[in-house]
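A quick write-up on the structure given underneath.
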């Protein structure tokens, strides 16, 4: 029976801290404020936005929506971002992606002021993650993995960590954040040979492939810590991860559930970043 | 007896290619030009500069030295970099570091135009290395490792590569460049437990710790490819690497010598970057 690394207590602890920091900023007349920039009405975006709004409201972060019609042009989106950049009462910006066809992702990302990039999508943030200099913000999901490991006191220094999946949203930044904790990190990809044996070498296994149920018992060493970043809907309409939980849980020492694990923590990280951004902006003035 | 992965033939092939590209640019009236910015007269800098001048001269890259006195101020250095940035006949810039005490490395790095950052020191270049989007330039030594592996046809896709050392100049960017070749990369650091066993798992072992003779026979699996990035002077005044060559060579399948290995290739990578920068600039006009 593995220890369940649930997101809820991590979120509760983060909420408490974020609320206290918001109150301290409010006392100085500052309301940490998040711009949410969305093009169209994609269902995924709306669901995530709803979660963000609720979480922000709970701790005292204001949200300013910028909603463009699905047929908006790139120029209109750039104009919206310029407005966000120029507005000193806005501290962070969440831009929903993927962008509609016809918009250039790189151009749009480059248009956001790095200091407001609380979701880690600009080059400035990615360079900061890579160099460890603390510039910008790490992608929220990658950092959510770290918050869970930290909350549950999972040792990382000197430990073997295997990260399966190398996206810029999770795998690669998670590898860098883990390296910063002095873990020995192996970054796997779809061409990796003998993946199960390699996974079993890990003290901590972080799975972020985006392939439903890809990781099974053959990849798990008894006692291992397993962090499952995947989120999918199975044939029965239930949420599940990249890891086959029923196989992994009896073997693992600790494991994040899906739902109720990493995904739960992501919006709290976003909120924390908005508070950080407001704090940093206030220190510059 | 290991195959010796010497730098000289890699350099010869790169020189030939760089010279042909310079000739093609010259035919269009463009002389790829490198600014060399140096503060003071440190012996290491002068030796490297000499190598750069010779290599540039050979292939048709012009060099423009900007030499500041050892007692120069940060403002003076920033002014020199502004001059480099503004000069459209300069395509790349090599800035010698470490900078003198009293200068802020981050401020200085940020002052260089990313498109002229042929030595991979700006955030733009580091973000490009991390994201794999081809922006900026990789640090030359990290890319020199890749040039050697490529020249000698060492397979990387799906292979295990262990990188020992995680500096921003070599280890981390090398890990990213290897990942881009679909290798499975493990990044080790000074806290890594059971380093010898981990090293022996690698198909390719890249050693960039900066510790003389740190890696010995216990870290080498028979047949392995070993890339030694270290460069030190031993008690007898001879150059040597991070790997104890006499121990490793009989075991390894292939190994880079020190001297005559990675270090030899670094300036050719720099020259290639200047040619790349000139080409990119000409395509923008």
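Glycine too: its Cβ is placed from the backbone N, Cα and C atoms.
When DSSP labels each residue, the domain 'Tetrahydrofolate dehydrogenase/cyclohydrolase catalytic' (B:5-119) comes out as 61 helix, 18 strand, 36 coil, counted as helix, strand and coil in that order. Annotation comment: TrEMBL describes B:5-119 as domain 'Tetrahydrofolate dehydrogenase/cyclohydrolase catalytic'.
Taken from TrEMBL, the feature domain 'Tetrahydrofolate dehydrogenase/cyclohydrolase NAD(P)-binding' covers B:139-281.
Using a 10 Å Cβ-Cβ cutoff, residue B:167 (NADP(+) binding site) registers 16 neighbours. In three-state terms derived from DSSP, residue B:167 (NADP(+) binding site) belongs to neither a helical nor a strand segment and is classed as coil. The annotation NADP(+) binding site is assigned in TrEMBL to B:165, B:166, B:167, B:231.
Using DSSP to sort the residues of the domain 'Tetrahydrofolate dehydrogenase/cyclohydrolase NAD(P)-binding' (B:139-281) gives these counts of helix, strand and coil: 55 helix, 26 strand, 62 coil. In sequence order, B:172, B:175, B:187, B:188, B:189 make up the list of same-chain residues 6 or more apart from residue B:166 (NADP(+) binding site) whose Cβ falls under 8 Å from its Cβ. Of all Cβ atoms in the protein chains displayed, 24 besides its own lie within 10 Å of the Cβ of residue B:165 (NADP(+) binding site). Filtering of the binding-site residues B:165, B:166, B:167, B:231 by Cβ separation from chain A (threshold: under 8 Å) yields B:166, ordered along the sequence. On the 0 to 100 pLDDT scale, the model's mean across the domain 'Tetrahydrofolate dehydrogenase/cyclohydrolase NAD(P)-binding' (B:139-281) is 97. Largest Cα-to-Cα span within the NADP(+)-binding set B:165, B:166, B:167, B:231: 16 Å.
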